[in-house]
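Here is the structure we will look at, set down as structure tokens.
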Amino acid sequence: MARHLLNTTDEYAEYYGYTESDIATPCNNGNVRAFGQVFLPTLYSIVFILGFIGNALVVCVLLKFHKTSNTTDLCLLNLALSDLLFLISLPFWAHYAALNDWTFGNFMCRSVTFCYMLGFYGSIFFMILMTADRYFVIVHANTSLFSRQRSVKAGTCMCIFMWTLSLLASLPTIIFSQTKNETNGVTCKAEYTDDVWRKVSYMKMNILGWMLPLFVMLYCYGRIIPKLISMKSQRRHKAIRLILILILVFFVFWTPYNVVMFLYFLHYSGYFYSCDWQSGLGLAMQWTETIAFSHCCLNPIIYAFVGQKFRTLVIKTLKQWFPSAFRHCVTITSEISERRSSMYSMRSSEISTTKIM
């Protein structure tokens, strides 16, 4: 996480019980901080802008047409809300990375951490819920109790349950997060009373944030694809391609980040504790976490905009919001159609004249 990267020298010395007087040359990760002060604010800002636009549009459209919503729409809405909650924290982390100093106070430290962690786990758990929903609807369409009672009310109960799980998974980090005055400035990070909590935090993110969703996706979509292949619908090829894209995108965007998180776990367990390793992990975390965080920009595209129903609702909404722009587009389209029709008529006339001659 972003706040773990800004004071790695202090954390390193604190964990191994070293002080500057104990070792002649303590680890100097100034290059990691310098790189992060430029790289992280820029990338976080881009992710925030793109992700906020896409997810806010999903929320607006689904709330506008909530009377026609189904369970899938409800999952989409909560996935977008989770991403928005996560995205709200990025401007604060960007400011923190740029100054290498937390200036918002202890209350905002915990509040921003709350949004960050709840949004993170919420996004993961709602992706799992959508995957399970598709599995039961397609594979067990006629036999599953889940499918027969697939109402908005049942979906609401499942969403409440997912938010509760997300909160429980987030609580340890939220509780331990606080500001601390250090030599390099004020920090905002989880100050664990026992290093066991730090190790548990890293493993929890590995298991709940990567292993569990990847296992669910591989199992459910592994059962869905043969079912789609056996169907005679012409849309099955498009559905299979979309499933493969979902799995590939999740794997590519989240695997590097979780590999680095696991290496951090080994680092705090006493392995890879040299200064070179520490510096390398810091730089790797900055790159991989930005790639992972940008996944929330793609969620609206791969989960919402691919659906014909949702695309229709988006166009309908945009026409209501920007009527003049769409009238201009319609006018241009009509002119192009008229020109093509005119050119086609002229060519047909020339061909007919040539044949007569």
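Numbers here mean position along the shown chain, with the first residue as 1.
Each Cβ is built from the backbone N, Cα and C atoms, and glycine gets one as well.
Keep in mind that what you see is a predicted model, and the values were worked out from it rather than measured.
Copied from TrEMBL, the annotated features are:
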- 43-63: transmembrane segment (TRANSMEM)
- 54-303: domain 'G-protein coupled receptors family 1 profile' (DOMAIN)
- 75-96: transmembrane segment (TRANSMEM)
- 116-136: transmembrane segment (TRANSMEM)
- 157-176: transmembrane segment (TRANSMEM)
- 202-221: transmembrane segment (TRANSMEM)
- 242-266: transmembrane segment (TRANSMEM)
- 286-306: transmembrane segment (TRANSMEM)
Remote residues contacting the transmembrane segment (75-96) - C-beta distance under 8 A, at least 6 residues beyond either end: 2-3, 6, 40-41, 44-45, 47-48, 51-52, 55-56, 58-59, 62-63, 69, 102-104, 108, 112-113, 115-116, 118-120, 122-123, 126-127, 129-130, 133, 155, 159, 162-163, 166, 188, 293, 296, 299-300, 303-304, 310
Contact ranking winner - 43-63, 116-136, 157-176, 286-306 against the transmembrane segment (202-221), Cβ under 8 Å: 116-136
Whether the transmembrane segment (157-176) meets the transmembrane segment (116-136): three or more C-beta pairs under 8 angstroms: yes
Residue numbers, six or more beyond the limits of the transmembrane segment (286-306), whose CB comes under 8 Å of its CB atoms: 1-2, 5, 32, 35-36, 39-40, 43-44, 47, 50-51, 54-55, 57-58, 76, 79-80, 83, 86-87, 90, 123, 127, 130, 242, 245-246, 249-250, 253-254, 256-257, 259-260, 314
Mean predicted confidence [pLDDT] for the domain 'G-protein coupled receptors family 1 profile' (54-303): 89
